[in-house]
Structure formats: structure tokens, C-alpha cells
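Trainee: Can you read through this structure? Questions will come right after.
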Amino acid sequence: MPSNHNTSVPKFSSFNSVKAKKNPITKSNKKYRSSHDQVSSNHAKSSFPSHRSIQSNFAVDTKGEKQNLLYGINKRPVPKYHRSSSSVYGSAPLLRIVKESKEGITLNKKKSLEIKYDEERSFDEKENDESEFEDGQQGFIPLLVNRNSDPSEKSTFSLNILKAIKETDEEIKKNPGKARLWIKMCEYQERLLFDEFRRSNSDDIKGKLKIENNSRSVKLSILEKALKEVKGCDHEILVSYYLQLGSEEWSKEETNQKFEEVLIEHPGYLNLWMKYAEYFTGISEFTFNDCLNMFSKCFKFLKQKLSDRKSCKERESTDVTSNFEVEEAILHLLIRLCDFLKNCGYYELAWSIFQANMELCYFYPRYLEKKLDSTFFESFSKFWNSDTPKFSEENARGWCNVLDDESSQQNQNFSSEIGIFQTVKLWYLNESKFDTNPPPRSTMSCRKLSGIDDPFRYIVFNDIQDFIVCFESETIAFAFKYKFFAFCGVPLFPPGISTNSWFASYDKGIYNLLFGMASSESFINGQIAEKNSFQFPCSILPSYIDLFISLMSFKNLNFKLFDYNLAHHVKESMERAFHQLVFSADDEYLASVYLIYLKQMETKNLSEEKPQVNKIVKKILKKYDSSVSVWNTYAQLEHLSGAFTMAETIFKTIFQIHASQLRYIDNLNVYKNWAFRKLLINDTEGCLVIIKCLLFPGDKSLTSDNNRASEMLFGMLENCASKEELLYVCLIYTIWTHCTDMDSMDNCVYLCIQKFESYGWGASSEMECYFSYCSLIFYYQATTLQFYNLPKVRPFFEKGVTLFSANTAIWEVYIFFESKLRQENKPKIRAMKILKSASNAVVTACWYLFYVAVQQIEPTNSQYFLRTLDITLNNEKLKSVAKFWRIYLKILNLRLNGTEWVSAITTKALASCPCNKGVCMDVIDLLLKKEMESRAIICYIIMLEKGFRVHNEIRRDVLKFERGDELILSPN
């Protein structure tokens, strides 16, 4: 999501109070007003009136809507609660320059505010300089990362920037149609400007802001020239880059206009539709209705474009997109819309959109043509507005299996009455329940509503009409199915999905990783709660299901498939969805996931009908009787539950019955899984026998010596034709080495890593999978065999967490080993180094793993965790991640003494996450704990004006302020 830190785009203003006896504009503010005029030169007409008096207890937000007023005591009535609004409270037209400090969060790109806690931070930065393994040391594995160069080297390099600019300019003259050259020119110009500033005065905050503005203006000028020269696919790249930069420079109205102009001129630029949605939902001025209308407009255009193509209308000469690409764009927008609705509190609407589209994808009646025409709308609206159970609801059978005149009344178990409370505290206590336990869509017909019912619980066809799509591509429908489960809290995506650029950019990034984070409720009584179960966020790895079952074998690692703290009705709906989809469509991967889900539910005693579990498992195995992957999963789960004999029988049956169907890759995978299960029960002889069966299929006596087997495995390593084959062979070779002791494990692992790198697959997902399995083997050796050899395996773990910082398994085992030698700080130091040097999803992942490290080592100390969050929230690409802010606010709620920085922190949180109700709720919680009820009321009003979904209300006569606490939403 684009950053919204710039001065030209309004933010929520601070909650700074203005006392009745203090003039908000005094001589002490002259310096600030001077900066005000300089920074907002492009908005001269919108400057604040200088004659505002203390009797005018309201401020006009000239950068937001014209009628945007904050009402003071007895001056204006508090606005009556309404569901939509044309104005937004709290838009700050300017950003304040704050005093420089070495620690703390950065406010609006200016400088850091020091955050004071009741305990001093004990993080020892000097330990960063400690030497680790060096070249030449036995077992050293070089890290494939770029290290920051020495400052003197950077200065030397910067002297050549002008020369590089000249060379690039000459290349542009020869090849003006290459976008890469124009972007390179922008980068060189930016480096030149910042290098000159750094050498002149690196402490001048105003100068730095000026350089940033100048750099942006220069790059925009370059891109404007480039857009006239570049054509084709490169043109879309440049347009996207141009609009991204421009959104930091222009006003929100101008940016919105630019986006619309480009999209009208180039409707085939599907990536721009995504950028448009990201921009719109990331700006604090836009209300919920504004954003929903924007999504509706995008959907209408893309669906019309898809309909025109299906009608065989003549393509535009510049239209190079396919139907598949358009459907991809629609799917991407659909997921983003549902996330947006969920974040704003409209969980019922988001769930209903998923339900409706799942009915169209998998339960579309055969007698209807897949076309969104009048016949379709008449039939589906009748189905949706009836009392018939919909997808994932109890007794749901699918739209195609329901007769037109059929209706079945469902039980309504949830109250939908709107509560009205007399205090903010009571309102918060009741409203926060819906944050952690959102209610389902009401299954009772809207015609039965009473005057006190909450209308947003009842979703009629008109509410979802603009957001339903008939996907014709099986690949898109397949992907949408897993997006639904990710929305429910099971972030599993088949490896094949990750090969697509749309899904790779979305699921490998922040969106996928955030599913693994523990919730803010993990913090109890001022401490980080004891170790929780963690979801493993690397679901796109090859052989992921097998890896996850292996992780389940180690109870101390405590991984899980889904969040057990989900609302009860969500878990029930998810289980019904699993059942409907597994038996209505052929999906081996989903069937395997469903088996794991059932086993975990049974293990955790969460299934109310345990006898039904075995019955469902048998039905799955019967339907997928010819599926090697499903039976392979079932065999491992039986072995995991202690049924070793049954597991042996299933593995043998796979080779006997499916021998003719087994591909070479599948054969390797099954043998690998079988051998690894033997390893985990310390059956060394059985493990060797299984591997010999693979190597010598004709030798029934299995008397071949181990040396010959080792030579064959080494030969297989030299002749791998694919990454997947190399992965399985390396794992089998590693298991063999563990069981035979013919070579040291560290040498074996180092050899396999070298093989990956020699093939050019040094940072591939297959190599990550290999690192994960090896971590588990090392963990098994340490916990079961009591064999600790940390000095030799430390380089392996350090390389693993650096290359694959999102991998919780590698981090957990690494932390375990270091804690045994009382070197708990080493993982922290490593995490800090990665956090400061990496970017994008890697930083996010590192932060998450650092959180795991804190829980594992110091569950009673959150200081390291706070410091890591400070650094993370300073990252321009990550500071808008609501999950960070929610946990950050929760910790500050428990640890921050006084109210000195509360205003600045809450303002920054609201400005960074303008479309997230959860952040607003945590801000209100923090303000109430600090006894700042008047400011909590303002945040409540902001929620109403933004259009967030609230299930309860505060009495109108309560929404007024004491004379001593009159508040004005003004610039910081």
C-alpha cells in the first residue's frame, strides 16, 4: 500500500488539547507558522486563519472537506450518528517538525520522539560489533547477502555519479524506449542530491525535507519526458512509478484525477487498478463510502471489459490483455475489497461476498449460462434473499442443488440489537467483543427486522450485486477457494499459485506473513504471554504439507494450521466449507489440508463430534482412493498419532497399488517421508532399509553395503534435473548420513547447499525447504539424542535466518541452540542486523521472527520487542501495517507511564492506518487507560465520520467535553 506520509496528503491531526486560557497561536509558534507557509506553498488557499480566537471552539479543516468542523462546548452540536458522511474529522494539513532524539518512533518523516518507559532499555548495541564465524574457520558458510559498504567507499562511489548520469543520458538518446534507463536516471539524480546534502549538513532537518521535495520534483520531470518516449509494457511500469511518486507530491484531489485520467486512457493497465485501490484505501481523508464507491467503479469497469471480450467485440489496438489477466485483476481486487471491509468492521458484508462468489464458482446451475444477465440476476437474487442456507452455512447444499421454490428456515442464534451506552468505557468494553469475535451474517430474512435491529447484520442481494463475478478460468476459481480459507484464518496456498506474478507479489509479502502473527491479546498483565502456537507462514514451499506434518511431530515447537482462537461460528463455517468443497470438486491438495485440519481438531479436543472425524476421513480416502498425495498425507498422520503399524501398511500399499502411477519425483517424495518418519522414532535400521529399497529395488535381501549406497546417492546428487528432484535427493542423502555416521552432518549439509548454489538455486523455495528439514534434524539430535554441536551448525542457522528470514522453523531451532549455550542475544543481534538492512516482506518476516525470539527467551521482557517495533514502524513501506500498530499500542498501554507522548503516538497510528477500525479501538483503549476520556470521544467521532462499522453507540448527550478539556483538532 502506498505510503501516506507526505505533506501534501492530509492526515489525522493530533489530539493536542488547547486550554481555554491559552491562545493556540502565539509568538512561540512563529517558527512553526513559517514552516507552515513554506511547506504548504502549493496550498496557499487552504492555510489556517491567523485570527482564530479562543472563543471559537472549533477548527475548520481546510485540507479536508469544507464543512469539516470539530465542535467545542456549546458551540456546535455533536453530529448525530449516521452511517455515511461527506466529511472526515482529524485531517492535519501540515506535519510538525519535532525535536531530534536518538530513539523512538519517527513522526511523519521528520525526526524521532523518545518514548519513555518505566524501565530503561537494556539492548546492548555494542554486541553488534562482535565477530562471528570468519572465512577459513571450519564449517564456515558464506552468506549470500550484500553488506553495507564503508562510508569512505560510499563517498568515493558518489564522486562518479555525475559520470554515470552522463553515460545513462547517452544510452537514453540511443534507446529512448527503454524504461529501465529512465528509472536508472531517476535513481542517479536522487543519489546526487542526497550526497550533496549529506556532505554539507546531515543534521539539517529542514534541508533534508527540501532535498526530498526537490528530488521528487526532478524525478517527476524525468518521468514526464519518459512517458512520451516509452511504449508498450514498459509504459505501464513508468506510469505506475510516476503516479506513485506523484501521490507524494500532489494533493489528494489531483492524485485521484491523475489516476482516473490514466485509467480511462489506458484501461488495459491492470496493475494500475491495483495501485489505485491501494492509494485510495491508504488516504485518511476518504471515508468508507468513498472507498466502497471506488471499488464498485473498478469492478464495474473490469467486469464490463471482460463481458465485451467474451462477446467477441473487436479489441483495441493497444489492448494486449487476455481474459485470464482480467479475471486475475478482478480476483485481486476482490480479495483486497474483502480485507478492506473486514478492517473497517464490515465483517458480515465481506463474508457474504465470499459466500456469493463461492456459490458462483462451484455451485452454478447447469441450466444457466455463465453470464451476468437479467436471467442470472433474477435467479440468484431470489436464491440469496431467501432463507435457504448459503455456502458454509449449516445444511447448505449449493445453489445448483436448490430448487427455485425451496426454502429452509435457519436458526438465528445471534442477537442483532444495537446497544446504547452512557459512558465511553462501557461502550468500548462491549464493542471490543466484536473485534475479536465478529458476528456472522444474519440468516434471518430482512423482512423480519424490528426497529432496534442492526441493519448491517442483514446482507441483501443489492449489497453484493456489484461484487459478484463468474470466473470461467479454473485456475482463478482454484485460487479463489484458497483465498477464502486465508480469509478464515488458514493461510495455505498450493505451490503452483506462487508461480503467478499477481499472487506472488501479494501472498509472499506482508499479507501472507501477517497471518502467522499472534494477536494483540497475547499481552497480559504487562508481559508477553507464554509461548503460543504459531502458524507457519511459508505455505507456498514445495512439499509444504509434508513439512508441516514433520513440524507437528515436535510438540515443543508448537506450530499450528490455523488460529484456534477464531470465533466458534467461524471455525464451524470453515469446517463446513472444507466438507462442501472437498466432496464437490476434485482437489487433492485441499483434501490433504482437510485431513490435517481434522487431526489437529481431534488432538486439541476442539471437535464436538469426535466419532464423526473417522467417518469423514474414510469418506475422503474413498473419494481420493487413487491419489498418492492424499494417502501419503494420511500415512504420515497415522504415524504421527502413534499408529506405526497402520502407517507402515499404508506406505507399502502406496507402492503396491500406485506403482504404475508414481512419477519418479513422487516416488522420491514418498520414500523421503517414510524414511523421515522412521528417523523421528529413532528406528535407524528401518530408515536404512527404506532408503536401500529406493536405491536397490531388485535386491530383496537388502544386503548391499552402505558404501555402495553412499556412492549411488552421491551420484544422484550430481545428476538432478530439477530443483524438486535435488531437494528430495538432498534430504534422503542427509537422512542417510544421519543414520550411518559415514560423514559428519555439517559436511553433508554444506555439500548439499553447495549443490543448490552450483545449479543457481541458492535462494530458491526448494533450498528453504531443505533448510527447514535440516533444522528439524538438528533439533531432533539435540532433544532426543542429546547431541549439541552448535559451533559447527551455527553458520548453517545464521545463513538460514538471513536468506529465509520468514521461516519460523529455522528461527525457532536456532534460538533453541543458542539458548542452550546461554547466548540468547545472538539471535536478537542477528535479527536486528537483518531488520536494519533488509526491506519489504523480509523486514516484516524478520520482525515476526524477532517476536518469536522474545517469546521463546524472555517472556517477561518486552523491551527488545519494543525496540524492534520502533525500527519497523520507521520503515516507510511497513509503517502502515495495522498489525504492528495494534501490538505496539497494546504494549504501550501496559508499559508507558504518563501521557507525554500519547497524543503523538495515537496521531501517528491513526494517520498510518486510516482504514482500520481495530487501530481506532486500540487507540481508544490506550486513551481510556491514561484517563483521557475526552480524546477517546474524539476518536469515537472519527470512527463515525470515517464510516466504520460499530455495533453499539454512545448516548448523544454524553458526547460533550468539560470546559477545562476543550479540544481542537489542529496541526501538531
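Using the three backbone atoms N, Cα and C, a Cβ is placed for every residue, glycine included.
Keep in mind the model is a prediction, meaning the values are calculated, not measured.
Pulled these features from Swiss-Prot for this protein:
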- 1-17: compositional bias 'Polar residues' (COMPBIAS)
- 19-33: compositional bias 'Basic residues' (COMPBIAS)
- 37-59: compositional bias 'Polar residues' (COMPBIAS)
- SER970: phosphoserine (MOD_RES)
- 1-61: region 'Disordered' (REGION)
- 159-191: repeat 'HAT 1' (REPEAT)
- 250-282: repeat 'HAT 2' (REPEAT)
- 318-350: repeat 'HAT 3' (REPEAT)
- 355-386: repeat 'HAT 4' (REPEAT)
- 608-640: repeat 'HAT 5' (REPEAT)
- 788-820: repeat 'HAT 6' (REPEAT)
- 860-894: repeat 'HAT 7' (REPEAT)
Trainee: Please average pLDDT over the repeat 'HAT 3' (318-350) for the predicted structure.
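Mentor: Taking every residue in the repeat 'HAT 3' (318-350) and averaging pLDDT yields 83.
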Trainee: For the repeat 'HAT 5' (608-640), what are the same-chain contacts with Cβ under 8 Å, counting residues 6+ beyond its ends?
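Mentor: Cβ under 8 Å, 6 or more out: 545-546, 549, 552-553, 579, 582-583, 586, 588-589, 591-592, 594-596, 598-599, 601-602, 646-647, 650-651, 653-654, 658, 661-662, 666, 669-670, 673-674, 677.
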Trainee: Of the residues in the repeat 'HAT 6' (788-820), how many are helix, strand and coil by DSSP?
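Mentor: Each residue of the repeat 'HAT 6' (788-820) counted once, the result is 27 helix, 0 strand, 6 coil.
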Trainee: For a three-state summary based on DSSP, what are the helix, strand and coil counts in the repeat 'HAT 2' (250-282)?
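Mentor: Breakdown, helix to coil: 26 helix, 0 strand, 7 coil.
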